[in-house]
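Taken straight from TrEMBL:
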type	residues	note
DOMAIN	2-229	domain 'Anoctamin dimerisation'
DOMAIN	232-810	domain 'Anoctamin transmembrane'
TRANSMEM	240-273	transmembrane segment
TRANSMEM	319-338	transmembrane segment
TRANSMEM	394-412	transmembrane segment
TRANSMEM	471-492	transmembrane segment
TRANSMEM	513-535	transmembrane segment
TRANSMEM	635-658	transmembrane segment
TRANSMEM	686-710	transmembrane segment
TRANSMEM	771-796	transmembrane segment
C-alpha cells in the first residue's frame, strides 16, 4: 500500500447511551453527512482507478477503519507525466558530497567523520517522464520499482487533494477539508517497517531504509559523523533533506566561530586583570563621590562598583572589535558557500528547475481561483487569481501585522516599566539582601537610597544597587520570554488565516509568505529587548537637576558595569533559556504524546502485543508531521543572536554549536521514531529563509558598528590614548563630569556623574569630537566589511563549474531521449 486513510465510527449498540435526545439527533445528523461525503469521495477515488483494501479494528467504544490505497501502473504513468516527475536516463558515478572529505583525502589525513552507510542510493541523469518515451528510461521494464516510493506517495497525495466529495460550486474537494471536518481522522503514507533491528540482527544489506536511517543517522553515537543526506532525501523527499543539509552545513561552520569566540573571551579574562581604569576605580576609595539619584537619596562611592565594572571588561575590549569583523565576514562566507552547496544538491536531487517550471498550483488554489489563464512558461491552462486583488489582500494583511507588532512594542514598554517599579520596590523594601550597603562618612550617613517620598521622580534602573537592579533585570528577561511564548502562539494562527486569504498560487509561494509574516513578528518579539538595552537604555537620562522622565518614572540607566554586561546577560537568558526549553520540549512532548496516543489505542484494543499489530495501526499511533517551520525559525533566530549582537557576547557561537549538535540528532529521532512518515515534498532549496539570513547578515554589520561606537567603551578609550595618555591613567576622571552649579548650590555638596558636560550642564567639545569619531568609525567599519563581503561574493561563484557542465550534459541527454524524430 502507498497510502492509508483512517476514520472512526461508533457501533450501533453504543450510540446515544449517555447523551440527551438533542445531542443524539445532532450527532446522527453529522454522522450521516460525514458518511455521505466519505462514500462519494471513496467512489470517486475508485473511479480514478485507485486500488483499495479495507481493515477494521474493534475497540471498546469505537471502530477504527483503515483503508489502504495503491495506484496501478496506468494511473502512475498518467500522473507522473501530469506532475512532471523526473525519472532516470543514465547512471552517474557518485562524487564525494562533503568538501571536508575531499580536503582530508587530498592531505592524506584519516577522516573520522566518514562512515560506510549501506544501500547508498544511485545517482542518475534524469528528465521529466513521458509515457510515449517509456523505453528510453532506465528500469522501465520493472513496473513495481520504476517509480520510487516517494514518487508514488506524491501521486497518491495529488489524487487525494483534487478528488471531489460534494458540489464543485462550493469547492467541496480534497482530503485536507475532509480531515478538518473530521470525516477522516488521518491520511498518511506508510513507514517502511519498524525502525528497531530485529533480535536476529540481519546483515547491513537487508536493512530497510528506515532502519538504515535510525542506525546511521538518528542515534546519539553518530553525532560526529556525516549525515547520510541521500538516504534522507530518498526516504523523506527533498524539502526535509534540504533542511538537514542546511542544518549540518551551518553547524559545521559554527565550529571556527565558536573557537575564535572562546579565544576572545579568554583574552578578555586576562585583559580584565591588567585594565588600568578598573584598577583606578577599585583603588579610588572615597575619591569619587557620585551624585544621588533623587533629592533625598545618599551620595555613593564609585569604588563600590569595582567587581561589576571588571565583569563588564570581560566583554568590552579590543578583541570584540576583531570578533565583530570576523563574524560579519564569517556570515557572508557562510551564505556564499551555502549557495554553492545548495546548487550542487539541487542538481544532484533533480530539483534545480522545480520552482520555475515544474511546480504545479496548490490544490486549494485550484479549487478557489475564480478564473483560468495560459501559463507563459509551460503553455498549459492554469487557474488564476488577479494580481491586483492579491496585492489588495496583502496590503490589508500587512496592516493587521503592523497592529500586532505595535501590541508587542507595548508589551516591551510594560516590561521596561516592570523592571523600573520592581527595582524601586526591592530597593525601598528595607531588606539588606536587596539593598547594597554603601558606607558613608559622618556627612554621608547610610540611608534608604530610593524612597517614595522623593520630590523628584523615582529612578528607573538603580545605578548603585547591584542586587536590586540585577534582580529586576533578570526577572524582566524571564517575563519578556513568557510574553514572547504566549504571543507567538496567537500570532501564528492569525498568519495562517491571512496567508490562505491572500491566495498564493504555489506551495512554495504560500510557505514563503507565511514564513515572512511569522518571522517579522518573532524578530520583533525576540530582538526588541536586546535592541533596547544595546541602543536606547542609558542614552537619554539627562543630568543632575535636569533628569529626563517617561510616564513620571526617570529613564533607565545601565547597571554599573555598563550596558554591555547587561546585554550579554539578556542574550544568555533569551538564547540559552529558549534553547533549553525547546530541547526539553522536543524530547519530552513527542514522547509523552506518543505514549498517550498509544495508551489510548492499546488500552481499548484487547488483542494485541505490539509485535502482532499491523504496520498501519503502528503508524497511526505516531504523531502528525506539522512541517519544518518551527525548526527553521529556531535556527534562524539563533543565527541572528550570534551575528547581530556578537560584540556583546563572544560565547554565543559556542552555545549555538553545542545546541545544534543536540538539535540534529533530536530532529532525526523525531522524524524516524515519533512522526508518521510525511508526504515527500520537492523543493529547490531552503526557500525564503535564505533571503532572511542575508538580511540578518547585512543588519549584523550595521548593528555591530553602532554597538561598538555607542554602547562600548572602546572608542572613548582609543580617543583618550591618542589625545591624553597612552597608559589610560586618569581615564576614569576624564569620563566623569562635575554636577552643575545649580545642583551644587541646592545640595551644598560637589559630586560626579558619567557624561561629557561642563559645570552648566552643557555638552563639551570632547563630546562632539567623540561623536565625530563614533560616526566616522561606523562609516569606515560598514564600508570595509561590506567591501570585503562583496569581494568574497564576487570571488565565490554561486554554482560550481562541475555542476554547470553536468546540467548541460543532462539537457543534451534529455533532448536526445525525447526527440520526436529520433531514427
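Including glycine, each Cβ sits where the backbone N, Cα and C put it.
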Recorded stretches the transmembrane segment (319-338) and the transmembrane segment (471-492) touching, at least 3 CB pairs under 8 Å: no
Best-contacting stretch, by C-beta pairs under 8 Å, relative to the transmembrane segment (635-658) and drawn from 394-412, 471-492, 513-535: 513-535
Positions on the same chain near the transmembrane segment (240-273), where near means CB under 8 A and six or more residues out: 100, 226-227, 229, 232-233, 310-311, 313-315, 317-320, 322-323, 326-327, 330, 334, 337-338, 341-342, 345, 349, 628, 631-632, 635, 639, 642, 646, 650-654, 656-657, 660-661, 663-664, 667-668, 671, 678, 680-681, 683, 685-686, 689
PLDDT averaged over every residue in the domain 'Anoctamin dimerisation' (2-229): 81
